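J.: Okay, these came from TrEMBL:
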DOMAIN    1-333  domain 'Major facilitator superfamily (MFS) profile'
TRANSMEM  18-36  transmembrane segment
TRANSMEM  42-62  transmembrane segment
TRANSMEM  74-95  transmembrane segment
TRANSMEM  107-125  transmembrane segment
TRANSMEM  153-170  transmembrane segment
TRANSMEM  190-209  transmembrane segment
TRANSMEM  221-238  transmembrane segment
TRANSMEM  244-263  transmembrane segment
TRANSMEM  275-297  transmembrane segment
TRANSMEM  309-332  transmembrane segment
């Protein structure tokens, strides 16, 4: 929800100081969480403070990458966001080890130390001049208001509200689905690790493919969104470890391919001049779909007794979002 705040501050003060401040807040939130004595303390520290810090890091960083590389925006974005998959693979086995060795307070202290490194990472965002900047309104607070009246941008944002409502369901409920079909803890973990690994590979591969000028970026985006929805619909067919693993690999790759194209596609819709503001608003809108999708899938599991309907609903959300991409200007008749 703090995405627009990150974009506004980075426009006013630059990406470097805002990202550094966000890194400090994220580490501070985890650090304070280690001393919590009530759940309220964790809501305020790990939830609000660290969450605010991550928003102040993510929006300026991704917007800066998109403006540094206008000709290869999708590839640059794919390489940047692949870091999330690498860290996810590393922290998957690391966090349980930290919990067993140091307890939850010690684990939060060590995660805070990791997060404080975002300050150094933010310092690497050099304030270079932006080449080939598209003409547009001044990057100020009214720029956010103009985007809220920008029909194509609102349709694009709605598309990814729907996409995110289904996107996270296999990542959140995949392990439980593996247990449901008879996998033990080790095999369930292997399914999730394989999906995360393919997610990282899909991010880089989609960015590289989108850098080829033969097909407009929005068409790449539609294709990957539709494929992600179709693979989600097929996940209930994985009734054994081998079948579920194969489908999880396919879903992870397609889902990963969506991420860099989603943010690179923002520039296609609103222009590079409003990219940072648009990414901030996208984050805010998407958070609603992200927050609703996984609990809704869990509720469907409680009602039906199986995850079949949950994954079918996730696939339906993804396909609905992909269809909205077809309505964007420039999809059928791309302009230079």
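Cβ from N, Cα, C; glycine included.
Owing to the predicted nature of the structure, the values given are computational and were not obtained by experimental measurement.
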J.: Which residues of the chain, 6 or more past the ends of the transmembrane segment (74-95), have a CB below 8 A from one of its CBs?
T.: 61-62, 65-66, 68, 107, 111, 189, 192-193, 196-197, 199-200, 203-208, 210-211, 217, 220, 256, 259-261, 263-264
J.: With pairs fewer than 6 apart in sequence excluded, do the transmembrane segment (107-125) and the transmembrane segment (18-36) have three or more C-beta pairs that lie under 8 Å?
T.: yes
J.: Determine which residues of the chain contact the transmembrane segment (221-238) at the Cβ level, with the cut-off under 8 Å and only residues 6 or more beyond its ends counted.
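T.: Residues 159, 163, 166-167, 169-170, 177, 181, 206, 244-248, 250-251, 254-255, 257-258, 261-262, 265, 307-308, 311-312, 314-319, 321-322, 325-326, 331 contact the transmembrane segment (221-238) from elsewhere in the chain.
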J.: What parts of the chain pack near the transmembrane segment (42-62), using Cβ distances under 8 Å and only residues at least 6 beyond its ends?
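T.: Here the qualifying positions are 1-3, 5-7, 9-10, 15, 18-19, 21-30, 32-33, 36, 77, 80-81, 108, 115, 118, 121-122, 125, 263, 276, 279-280, 283.
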J.: Give the one range among 153-170, 190-209, 244-263 whose Cβ atoms make the most pairs under 8 Å with those of the transmembrane segment (309-332).
T.: 153-170
J.: For the transmembrane segment (275-297), name the stretch out of 107-125, 153-170, 190-209, 244-263 with the most CB-CB pairs under 8 Å.
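T.: Maximum Cβ contact count belongs to 153-170.
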